[in-house]
Amino acid sequence: MSDLEKQSVPVDDDKSQKFSESGEGEGITKLTDDRSDQSEHTGSQYGEFSNAEDMEMEKFFRLRKQLSHVSHMGKPLKMGPDMPIPPTLPEKPYIVRFEENDDLNPLNWTFMRKCVSTVLLGLSTFTIAFGSSAFAPAVPFIAYEFGIGRVPATLGVSLYVAGFAAGPVFYGPMSEMYGRKLPIVISQFGLAVFSFGTAAAKDVQTIMLCRFFAGFTGSAAFAVVAGAMFDFCKPQHRGVALMAFMSMVYAGTCVGAFIGGFVAESYLGWRWTSYLIGIVSAFAFAMDVFFLKESLGPLILSRKAALLRRQTGNWAIHATIDQVSLDLKEIMSTTITRPIRMIFTQPIVFLVGVYISFVYGILYLCLEAIPIVFMEHYGWSLGVSELPYIGVLLGVLIGVVYMIMLEPRYFRHLAANGFKPVPEARLDSLYLPGVIFPMGLFLTTWAGNYADKVHWIVPVIGCVFIGFGILAIFAGSLLYLSESYLPVVASVMASNTFMRSGMAAAFPLFANAMFHNMGLQWAGTLLGCIGVVLMPIPVIFRIYSAKLKKTIKYD
């Protein structure tokens, strides 16, 4: 007898009750137990919504029972000719949950599986960041070839980064409904396609359009990777996992800058900067398709429920995510607009976003500032003038080590709080980099302005300070933000990406004019002073953490 035929077989109430009590079929016993048998995954990441989900589901089934025998015309509904109405569902619906030590639970993955996923997610992040800076050295060549000014040519960088602002608004909610893998795979494919389009473009308009859509389609990693890592990392390991993500964001930008410089001025020409981006992203796409494993717990449970339905013939078995059925209006109002609404309704999201946006903008401002310091003041060639980005990269790596060294201290806070996240403890990591970062801005610009008297290593040391400050501020702030909004971490990451990418897109456009009109040292002083003004933000958060917690809301 087929599954379809089984649905039409009359089942009396006694048999239905026996089925639900006995748990006939593999995995059914666990499905009707209390929440106490949940794995750590549902308890830690999704547990805050578990009671609400159960209440909503019970309301749904009670309502369906009330309406099960009544049509919209007030007349009894019938199954069909000679087919009795089947019994209604029991009070406890057949909800699939993870069992203890369930291999399907991402938190129970093997160490090797977690490492593979981390590497692949890091590679996806690296490629999109690499694409933002590898194109920058091509700007003067594009301006010359197409007869346009420096600022219009710089739009190729700014529009790409502007795509970061728009893309995660869609990718973040998508990853919470359809899983982490799908957005990542779509993203890498889109980045490869539009990068090759940029390389083959015959006019400026095509270059600019392809660069924007490359950034837009390729930006999924910025909204999805942190949430994906949180899916399979336990609370005490999330800091280290996020460090891997952060290091790839900045390593990709730093490596892209000096590789792009040498490629653009070589016999290959500026078009090969985009061909290179396309090749790297195509490789990441292939790796993700074949080796990246889905990590979103609710989606895995939905697939498990589908398998159990086929095995048992009990079509009442389902996961909580199966209850979600959104039309276009709901998707727009509830999911896609959520990241934007959070910026204006959540003080933590807004203030942390302002701090991170400035720091992140400086990274892209350096794409213009570093060549000015070392080409115009020290007389280096284009490719060599991008090498000080190695100093920024070194600072980033020092920042990673610094943040990892603070993890044992955070672990003690975590243990004292019953292994529940302690977001305010993350703020301690922001005090030192908050001081070092503006120092790097002052040192790089003032030393670079007196190139005839100051050795080139001094502004490079300033670049190391900048790299350290950027990574540590960025990582500490995102850890605080993500642990404050853990159940909607993908959406809050999308909010932050929207803010910081919008500012980062603007910085390269005015950087050249600012440094030339104000002077290298005074432009650096202005930026450094802004960094000093923003320094107290983590201190304020620490002092008023109790009040700020009350402002946290999920919708």
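The backbone N, Cα and C atoms fix where each Cβ goes, glycine too.
Features reported for this protein in TrEMBL:
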type: COMPBIAS; residues: 1-18; note: compositional bias 'Basic and acidic residues'
type: COMPBIAS; residues: 31-40; note: compositional bias 'Basic and acidic residues'
type: DOMAIN; residues: 117-547; note: domain 'Major facilitator superfamily (MFS) profile'
type: REGION; residues: 1-49; note: region 'Disordered'
type: TRANSMEM; residues: 119-144; note: transmembrane segment
type: TRANSMEM; residues: 150-170; note: transmembrane segment
type: TRANSMEM; residues: 182-200; note: transmembrane segment
type: TRANSMEM; residues: 212-233; note: transmembrane segment
type: TRANSMEM; residues: 240-260; note: transmembrane segment
type: TRANSMEM; residues: 272-292; note: transmembrane segment
type: TRANSMEM; residues: 348-375; note: transmembrane segment
type: TRANSMEM; residues: 387-406; note: transmembrane segment
type: TRANSMEM; residues: 427-448; note: transmembrane segment
type: TRANSMEM; residues: 454-481; note: transmembrane segment
type: TRANSMEM; residues: 488-510; note: transmembrane segment
type: TRANSMEM; residues: 522-544; note: transmembrane segment
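Between the transmembrane segment (272-292) and the transmembrane segment (119-144) there are 3 or more Cβ pairs closer than 8 Å, counting only residues 6 or more apart in sequence, so the two stretches are in contact.
When the stretches 119-144, 150-170, 182-200, 212-233, 522-544 are ranked by Cβ pairs under 8 Å to the transmembrane segment (348-375), first place goes to 522-544. For the transmembrane segment (427-448), the partner stretch with the highest count of Cβ pairs under 8 angstroms, out of 119-144, 150-170, 240-260, 387-406, 522-544, is 522-544. Here the transmembrane segment (522-544) has long-range neighbours at 348, 351-352, 354-355, 358-359, 362, 365, 424, 427-428, 430-431, 434-435, 437-439, 441-442, 444-446, 469, 476-477, 480, 514-515, meaning same-chain residues at least 6 beyond its ends whose C-beta is under 8 angstroms from one of its own. Across all of the domain 'Major facilitator superfamily (MFS) profile' (117-547), the predicted model scores a mean pLDDT of 86.
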